[in-house]
Structures are given as structure tokens and as C-alpha cells.
Amino acid sequence: MLGRTLREVSAALKQGQVTPTELCQRCLSLIKKTKFLNAYITVSEEVALKQAAESEKRYKKGHSLGDLDGIPVAVKDNFSTAGIETTCASNMLKGYVPPYNATVVQKLLDQGALLMGKTNLDEFAMGSGSTDGIFGPVKNPWSYSKQYREKRKQKSHGENEDSNWLITGGSSGGSAAAVSAFTCFAALGSDTGGSTRNPAAHCGVVGLKPSYGLVSRHGLIPLVNSMDVPGILTRCVDDAAIVLGILAGHDPKDSTTIQDPVKPFALPTLTDVSKLCIGIPKEYLTPELSSEVQSLWSKAANLFESEGAKVIEVSLPHTSYSIVCYHVLCTSEVASNMARFDGLEYGHRCDIDVSTEAMYAATRREGFNDVVRGRILSGNFFLLKENYENYFVKAQKVRRLIARDFVNVFNSGVDVLLTPTTLSEAIPHTEFIREDNRTRSAQDDLFTQAVNMAGLPAVSVPMALSSQGLPVGLQFIGRAFCDQQLLTVAKWFEKRVQFPVIQLQELMDDCSSIFENEKLASVSLK
């Protein structure tokens, strides 16, 4: 049951093949067995079981709340959850329990979803590896897959297989790992510059970044207000559409959400792509891109072309400026947003009482890690009176040019852009930590940051396994608020490529009872 899609398990619940409590207990058991992945910061076992019992009562009465009723989900630990600790993986918020739910969390709960827990991340979502939080790094489930281990055995001689596990990508690595390892059916992430799509690509799952303004940010602890978007991680595109349909819509608590009614996100089955025009941005063919990802990107373009779609090369001329532009704007907003963590109202507070200024300084030194402090310092530098015009204002102008590039391409007749999601497949942790956080983020979010600056929808879909036996994801980018069209194309692609299911038989040796008597086409554990 745990290997089924959200839609499949929802049907099983409605048909009485499994109860919400049984499903919840299976997920909780697997969370405990896979604790070493460090995907969860907090496991809300009591809450989830109580929610499951309530869901069971509704099913017995025939009053199901919808497709998510009784479905286990997870939430990144930078979304506020009433009565459940919300830490942002930082000492600054360790022990903080919000009095309210983020709008997206509340919408999931209103549909009867079961909250399994809060997932791990880079501190305050600042990173691309999920390695910098105070609770330790997240390990990629593919590190323990049969596909990857068999390839490693061919190349390594007596090397300890567990010594060099793979990163998940970030900053929503905990949510991606939780979905990939079958501990939940969907998870919320946040996406500021690729933080949902990046780990989705590395963990072999679907990662959706909706259009800016389509989904409420209320209750998402802000990183960059003008770019933050709640993201969705699932095992297939159809499941992402189901969750998006529930989350999308105007929220009076978030003035940036759209006012117009949102159309249903039920995805039609696309059989004919001959009327589609797929754009391939020439600027995304960078020297840093691995030859293997480049080859798969080319194969994907050929797939569309062979089915009758028009595939053309397009130009996004200001792409080369996006990394610097993003850094200036991101750190500037970070400096502003992090100012609220001063040790007075809530969160960590140091013991120094010499002066208010000394208390501020010590609290922030103890509460934030080097990455967060570095971004605060950079942002404050860019916002200084003597620097404001030369850095922040110019970056805003470049951002407008980047957004205009996308508008021009879509106005030329292109329906969807096809790009890589990441430069390569997931890399070992020891290799990842050789670079500093800023360098890693700039490299790993090369193909994703511009989308956030333009406010467009984008989705990463796993395409194939690399020669190392690891997932490679490709990104589809759509017009603003054309999320349904974007997902319809992504669903067609997903069906054609038939990405293999992760084989976790070694990881699951002690979990055989959880999957006992389950012979599903959608999951392989042998």
C-alpha cells in the first residue's frame, strides 16, 4: 500500500481495502525504521493517529472529505503548525511552538490529511543540500537503493558503502526523502530558488513550484517574500495536481494571492502533442552541465519532436546575470526578514544582560549558523545607503529583464520550456561539502532561480537513471498561472519515460512486514 500513488491509495481507502489507522501505522513504522535518513525533525505520532481515527469514523459514515482524507503527508519544518514545534532547523527557533497553522497546512488538514511530522532542511531554508541544519544532514534514500549499490560495487573495491552517502539536494531535502522512502504520499516544501525542484530531481520524485500568488504563503516563515512559494513533492505528476487543486486560491491573509477564482486542476489526458511548441533555452547549455544530463535533455527534446511537437531553440539573454541578481535580492530580503529574530519576542535568547545591544548580538551569534549570518551581512551591505542604488536597485532592474525574457519567449508561441533541473545527479556528501554554501547554491540552482524571479510555475520530473544508477530530473517551465497546462505536458512526458521505481530491498530488510502480501506494479522491493 505504501508504494501506491496518492490517487490509488485514496481509492483503496474508499473501497475499504485499508483503514486510515492501518495506513498511518505503516507509515509511522517505516519512519522509525528509516530514522537514519534524518528526513524528519519531529514525528507527530499522537497527532497523526488521532487524525487517522477521526478519518476512519468519517469513512464508516460515508462522509469522506475528499482525495486526501486519511492520506499521510509531511510538512517542511519552516511552515507553522499549531501545537507542533517549528524550528526551521535553527537554534534560533528550537523549542518554538506556533499558535496557528500555515494556510497550506490548514487546507491539508481540512481535507482530512494525516500529518506525519515536520521534515528536515537547511537552516532557514538557506542551502541546496539539506546539510546545514542543526539536526544534521538528510541522507538520500537512493544511497541505499539496489540500482545505485550495484553500480558502486562494480567500481569500488572494499570501500565501505555507508561511508559516503548521497545528498538529497535542498533546502527541502527532508520532504523529498520522506516521499522517496515511502514514509508519506505527499509533502510540502518551500521554493525560493529551486528548493523543491532541486531535491526532487536528486531523490527521483516530482517537485512542483506553483506560480507565485497561486498558493498562500501565510504561515511559511519567510526567506525572500518576493520569491517564496510553497512547493509540492509527490511520486507522480497527477498527485501533485491533486494537492495543488486543494492548496490553490485566494487567501485574505496573503495579499499576494490572486483574487480570481482558480480553475480545477484535474489533468486531462494528453494524447496529441503535435500542437505543442517546446522551447529549449540555449543559455542553459552551460560548461558545468554534466554530459549525461545534457544527453538526457537532448533525448527528451527528441521524444517530443518524434511525437509531432515543435521543438525550437530559444534565447533567455539575461540568464547569465541571474545568479548575481538573485544573490543580491535574496540576501537583501534575508537581512530584512531575519531582523525579527532579536531574542525579545520569541525564539532563542542569550543570557547576556549587559545591554540590549550586547544581548541582540549574542542572541543572533548563538542562534544563527555561519550561512545565515553570512547572508544577513551581505544583505545589509547591499542595503546600505551608499550601496542601495548600485546593488539592490540595479538587481531589481535586471530581475525585470529576466522576467521579460520569459514573457518574450512565451509570446513567440512557445507553450512550455524544457531544461535540466540540476547540473548532475546527486553527489556524495564528502564531495558536496568541499565547496562553501554560497558557491554550492549558485551552482546547484543555476537552472531554477530565474523561474522564482519571474514568478512562473515549474515542475521537475524524474526522467531516467544515470550510469551511476541515480535519478536525473528535467524541468518544465510554463506561463504564469498556466500551471494546469504545465502539469498536463509533464504528465504526458512522465508516462512516456516510465521512470523506474526505487528498489529499497536492502533498506527495507527489517520492514518486510510493512509490505507483506503487497504485489504492486507501482513499487518494487525485490
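Using the three backbone atoms N, Cα and C, a Cβ is placed for every residue, glycine included.
Taking DSSP states H, G and I as helix and E and B as strand, the domain 'Amidase' (27-145) has 42 helix, 18 strand, 59 coil. Feature annotation from TrEMBL assigns domain 'Amidase' to 27-145 (among others).
The feature active site, charge relay system is assigned by TrEMBL to Lys76 (among others).
Taken from TrEMBL, the feature region 'Disordered' covers 146-167.
If you look up TrEMBL, you'll see 166-487 (among others) marked as domain 'Amidase'.
Positions annotated as active site, charge relay system by TrEMBL: Ser171 (among others). Taking the Cβ of Ser171 (active site, charge relay system) as reference, residues of its chain lying under 8 Å away and at least six apart in sequence are, in sequence order, Leu121, Asp122, Ala125, Met126, Gly127, Ser128, Ser130, Gly189, Ser190, Ser195, Pro199.
Residues annotated as active site, acyl-ester intermediate in TrEMBL: Ser195. Neighbour count (other Cβ atoms within 10 Å of the Cβ, all protein chains): 37 for Ser195 (active site, acyl-ester intermediate).
Cβ neighbours within 10 Å of Lys76 (active site, charge relay system), excluding its own Cβ and spanning all shown chains: 33.
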